[in-house]
Amino acid sequence: MNPQANLIFIASLLLGTTITISSNHWIMAWTGLEINTLAILPLISKSHHPRAIEAATKYFLTQAAASALVLFSSMTNAWHTGQWDITQLTHPTSCLILTSAIAMKLGLVPFHFWFPEVLQGSPLTTGLILSTVMKLPPMTLLYMTSSSLNPTLLTILAILSAALGGWMGLNQTQIRKILAFSSISHLGWMAIILIYNPKLTLLNFYLYAVMTTAVFLTLNTTKVLKLSTLLTAWTKAPSLNTMLLLTLLSLAGLPPLTGFLPKWLIIQELTKQDMAPAATLISLLSLLSLFFYLRLAYCTTITLPPHTTNHMKQWRTNKPTSTAIAILTTVSVMLLPASPMILTIV
């Protein structure tokens with residue numbers, strides 16, 4: 001792709017995200033979401049592969065439907081209350097429609113079917129943008145309207161997302177699809193706590209974005225897309241692969257690592273809100289996703305492939321690891337001891 005065109009699309013993405021995040025009026029928020037959708041489409045389909053074109057088409061249709069629902073929800077609310085302010089969403093039907101629209105934008109169950117397919121058809125860098133930056137505007141809208149939303153509906157969506165995100169990722173061999181189901185599972189954790197402590201949802205999202213960025217950038221450096229190529233990638237950059245192992249375990253939420261922090265705080269908050277059964281259920285369902293993270297981690301650091309057929313080992317690269325990957329992997333692994341400081345900031 002032409003560098004100037006690439007720059008325009010990336011700038012439009014940042015512009016759309018900024019407009020949605022900083023707006024108080026529903027029409028401005030909708031405009032930001034539309035700019036975002038139109039800017040990401042060329043980045044998804046830039047390889048001109050049939051799968052990429054299919055992914056871009058699926059993404060466009062889903063996001064267009066979700067944007068229409070956002071507009072319909074805000075118009076219904078304005079019709080009944082005379083308010084266009086995002087925080088003044090009070091009409092029950094509008095709240096219900098908005099929850100469905102944002103669930104569709106984010107890829108929450110039962111509106112999740114598009115997300116693994118789109119991520120699989122996109123390049124790794126575009127997949128990274130889809131998994132992190134593109135989820136920020138809808139998360140902001142959820143954060144701003146959290147006081148009006150239906151707790152029962154969000155809890156059901158959250159538990160279904162944690163269940164299906166873990167379940168459907170079990171038999172995948174494509175790494176981008178595994179990361180898509182991982183994203184759906186994490187969104188379940190964010191949705192369940194949204195009503196009770198919206199700041200925890202944002203904290204979970206930020207930490208998820210940091211860990212996912214570290215994983216995507218590492219995979220992009222080693223040019224790995226499937227489990228079979230991950231098996232032999234250890235020869236390319238052994239130290240980077242070791243950090244990838246720790247980042248994957250952190251994404252799984254294992255205790256000494258950063259990823260445990262949001263899960264721990266969410267379980268604690270749910271218990272305070274007399275939702276111990278929901279906390280227990282979502283914790284048990286996260287064991288499903290732990291399985292495929294462990295499988296990824298095993299494939300990352302395995303030094304002898306499990307089959308005996310001869311195949312080419314990859315040459316070790318002398319290229320230095322980028323500073324961004326070094327910082328992100330360090331943050332993804334070592335932030336748990338700083339949790340008291342993070343809590344005072346939050």
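The backbone N, Cα and C atoms fix where each Cβ goes, and this holds for glycine too.
Residues or ranges marked as domain 'NADH:quinone oxidoreductase/Mrp antiporter transmembrane' by TrEMBL: 23-288.
Sequence annotations record features per position, and here TrEMBL assigns domain 'NADH dehydrogenase subunit 2 C-terminal' to 290-343.
Taken from TrEMBL, the feature transmembrane segment covers 5-21 (among others).
With a threshold of 8 Å between CB atoms, the same-chain residues lying at least 6 positions outside the transmembrane segment (56-76) that come near it are 26-27, 29-30, 33-34, 37, 40-41, 44-45, 84, 89, 91, 93-95, 97-98, 100-102, 104-105, 111, 114, 117-118, 121, 141. Under the heading transmembrane segment, TrEMBL lists 56-76 (among others).
Listed by sequence, the residues of this chain that lie at least six past the ends of the transmembrane segment (96-115) yet keep a Cβ under 8 A from its Cβ atoms are 33, 58-59, 62-63, 65-67, 69-70, 72-74, 76, 89, 130, 135, 138-139, 141-142, 145, 149-150, 153-154, 157-158, 160-161, 163-165, 180, 183-184, 187-188, 191. Here TrEMBL flags 96-115 (among others) as transmembrane segment.
If you look up TrEMBL, you'll see 152-171 (among others) marked as transmembrane segment.
Residues annotated as transmembrane segment in TrEMBL: 178-196 (among others). Residues 106-109, 112, 115-116, 119-120, 127, 131, 135, 139, 142-143, 146-147, 149, 151, 154-155, 157-166, 168-169, 172, 204-205, 208, 212, 215-216, 251, 262-263, 266, 269-270, 273, 275, 278, 282, 285-286, 288-289, 292-293, 296 of the same chain sit 6 or more residues outside the transmembrane segment (178-196) yet have a Cβ under 8 Å from a Cβ within it.
For 202-219 (among others), the entry in TrEMBL reads transmembrane segment. Sequence-distant neighbours of the transmembrane segment (202-219) (same chain, 6+ residues past either end, Cβ-Cβ under 8 Å): 124-125, 127-128, 131-132, 135-136, 139, 143, 175, 179, 182-183, 186, 189-190, 193, 225, 240, 243-244, 247-248, 250-251, 258-259, 261-262, 265-266, 322, 324-325, 328-329, 331-332, 335, 342, 346.
The transmembrane segment feature in TrEMBL is assigned to 240-261 (among others).
Per TrEMBL, the feature transmembrane segment maps to 281-304 (among others).
The transmembrane segment annotation in TrEMBL covers 325-345 (among others).
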Below 8 angstroms Cβ to Cβ, which residues of this chain, lying six or more residues outside the transmembrane segment (240-261), approach it? 182, 203, 207-208, 210-212, 214-215, 218-219, 221-222, 233-234, 286, 289-290, 293-294, 296-297, 300-301, 321, 325, 329, 331-336, 339, 342
Outside the transmembrane segment (152-171), six or more residues from its ends: residues with CB under 8 Å to it: 96, 99, 103, 108-110, 112, 116, 177-178, 181-192, 194-195, 275, 278, 281-282, 285-292
